[in-house]
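Notes follow once the structure below has been shown.
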Amino acid sequence: MKSRIEQALASAPEALSTHLAPIVLADDFDATISEQQFGELLNATNLSDKELRVALLPFAAAFSYAPISEFYVGAIVRGLSGRLYFGANMEFFGVQLGQTVHAEQCAISHAWMKGEHGVKDITINYSPCGHCRQFMNELSTAKELKIQLPERQEKSLHHYLPEAFGPADLGIESGLMAEVKHEFVCDEDDALIQKAVNAMNISHAPYTNNLSGIALEMNSGLVFQGAYAENAAFNPSLPPLQVALIQILMAGEKFEDIKAAALVENSQGKISHLADTQSTLEALNPDIPVSFVNV
């Protein structure tokens, strides 16, 4: 991944690469750019807001994990805080294609798990597919969301998804990323399970009630969490495992370094992620133990 970032720097205009390199090559770079850093880059490069976001796309795409298609897509969302979050597409050998994560989903989930409660805009390499348009329509900020493509004028999400079907059509008022704190507790004293419960408590599952979360422990001791992101159209829903894998990817860590997993689900839910979670982790590393708890 670092070599891809270095390649992107080599291809970028000198004014951008000179000022961006200390940010993206820093040991603590977390695939985000603060509002202050973005402002400094604007001043240093004399690019417009739109031009700079588009110029940053190759750096987001550098995080892509696409062993099947070898087609690398980047996305950048701006959270309500003003911080930019990178995202990239993610595929898995030996697993059905339904487990694939699109760059837009990645960037949005990246922002969500880092505490954002909505996104203002998204910048992407290519026009969003119907799957991603529907995924974005679940967001708490869907009505205001703007989409920026290279060499195009900024357009609203609903320009790309007219007469949209969404949460309101099913009587749901709260969208994905809205600030929420469910009150699930678990008596297990396992620290990884408790991390999964924490993720569960911010999950979004108004259609199946399968509020759920996962925690993945790395060999290094780092723990990454994922919360379930359900969708009114069902199929674009993003399972908790994928949301956690996104955090691993954007942290520059490797999937083969996952040491253990813990999945926690609502016992009153109408579905379960257990089988798909086990099969996907099995494809990544058959030795990963999975703890499972219903609460």
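The backbone N, Cα and C atoms fix where each Cβ goes, glycine too.
The candidate list His102, His159, His182, His204 contains one residue that Swiss-Prot assigns to the Zn(2+) site with Cys129, Cys132, namely His102. Look at the domain 'CMP/dCMP-type deaminase 1' (48-168): DSSP puts its residues at 40 helix, 26 strand, 55 coil. Model confidence over the domain 'CMP/dCMP-type deaminase 1' (48-168) is summarised by a mean pLDDT of 98. If you take the C-beta of His102 (Zn(2+) binding site) and look for same-chain residues 6 or more apart in sequence within under 8 angstroms, you find Val73, Asn89, Cys129, His131, Cys132, Phe135. Most Cβ neighbours within 10 Å, among the recorded positions Glu91, Glu104: Glu104 holds that distinction in the structure as shown.
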